[in-house]
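According to Swiss-Prot, the protein has these features:
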type     : residues          : note
ACT_SITE : 515               : active site, proton acceptor
BINDING  : 81, 123, 124, 489 : Mg(2+) binding site
BINDING  : 122, 193          : [2Fe-2S] cluster binding site
MOD_RES  : 124               : N6-carboxylysine
């Protein structure tokens, strides 16, 4: 049987010094024979999705100790993409994912921890911790801080989220008073922003990967039920330790759970629920860390056969994550996919032997269990707060309408093609990604003249100055992992196009990425990126681009001979922006850019460069 990793620092005469230090942290004689379980928390006062996590690590720790483990908590960094957006702060967002992954690896390996509980929530924190878990491959369970409640105002006939505040602020016809009311109402509580944005998408995907508990992605942060998820996560971590160190059960380890089939399940869920395009980037990165051969071609294949069964803000103002929970949460979406023959239900989870077992226990349309039904009735209280578990409001009824409700069955899907698609063509040889759930059907095939910008900043200025007209394809380049560096989110350009009434009349193509709050014909992750010699760097103003989502194609309508001539010219000039950008690129960002791969590889480090 495998020995506890912690024995390296807790056993033997030569570890007397280490034990002395362990004792100084509070360990007693009897603790040196127990598993040491690291708790990677991510509390910060900078991020609403993490502001309530301060005491939750200790909540998990006490439960771990109650059931026979030793708990040791530490914190990672956490960047708020919404606060970092629109200025050079966004250059740090994606690179922070690698820092988070490294910090978890450093702490766990330096102290020889036996298992790991990841307390994550927002955009780069869950992916960073997921990458670390698959690197380390020790028993791991994820538990998130939970989603924010949707906002409410008398000035709108629907619930609000962050994007509503941004769009109204960019609308010149809106009064200052209306903008202020939306600003004060859009984000009422702690938690990750309330739509199907990147944070919530990733927390939902951990359920499909099998690494978190049912409800992880959907119970609002303020609800008392989420406390039980934290307590149970502590117990599960100890159980996983016993299964691995006591029984050498490979399905107690992340790589035994998050297999190729599990990654297909996660991507299938993402497509079905119209998740953020960023999830593709993060799943590809996690797969590389776990040595799972899951790539863009697999995503392309799945996108052609998986229907969209759930539509949530920003793709519709009607539903937010709290409504997904009321409809049965992720387990109910997985149940509909399973009945459609679209899942690998034999995949393992941290809480059941198979995903089929999990669905059988938790799908509200299949289970006659008052406890399960009560759990999924957990709802918002509508009281602004930054305190976790501070309310116990429940819906009177569940939404089990699978023909017209928030979650649909396959026969009544919002669309028979899913919410994400991968496009290929001469402008993106290795692919690019579009969130089809947010694209009006009238522009699924679109041809337009290019309006080229060398940065997000110049694109924003151009859009606000009315340089962009209906029928244009806005191209924003040199914003990829290397070129940015850091692959900025393009939420402001898409929001401003929307506020200008161009959301259904323009396209946007970039080697950068998009916020989970983006909608419209917004195509990102163009690979290779411009800074790596990608054809997006060869586009000129006035060229034509043809986008055909049904055919999964995107092409620059320029002859091969002309493209070859442009490439020769660009090789001589160097692959860098034409204009000088007033952008401070620090040593830390330069180090990230040096090793970063393009988006089709998840923007992870180029290991070939490290291996020489």
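Just so it is clear, glycine is given a Cβ too, placed from its N, Cα and C backbone atoms.
Reduced to three states, the DSSP call for residue 489 (Mg(2+) binding site) is strand.
A helical conformation is recorded for residue 81 (Mg(2+) binding site) in the three-state DSSP classification.
Apart from 81, 123, 124, 489, the residues listed for Mg(2+), the same chain places the Cβ atoms of 79, 84, 90, 93, 94, 122, 198, 199, 278, 515 within 8 Å of the centroid of those Cβ atoms. With all protein chains in the displayed structure included, the most crowded Cβ environment within 10 Å among the binding-site residues 123, 489 is that of 123.
The candidate set comprises the binding-site residues 122, 193. Of these, 193 has the most other Cβ atoms within 10 Å.
In the three-state DSSP scheme, residue 515 (active site, proton acceptor) falls into the coil class.
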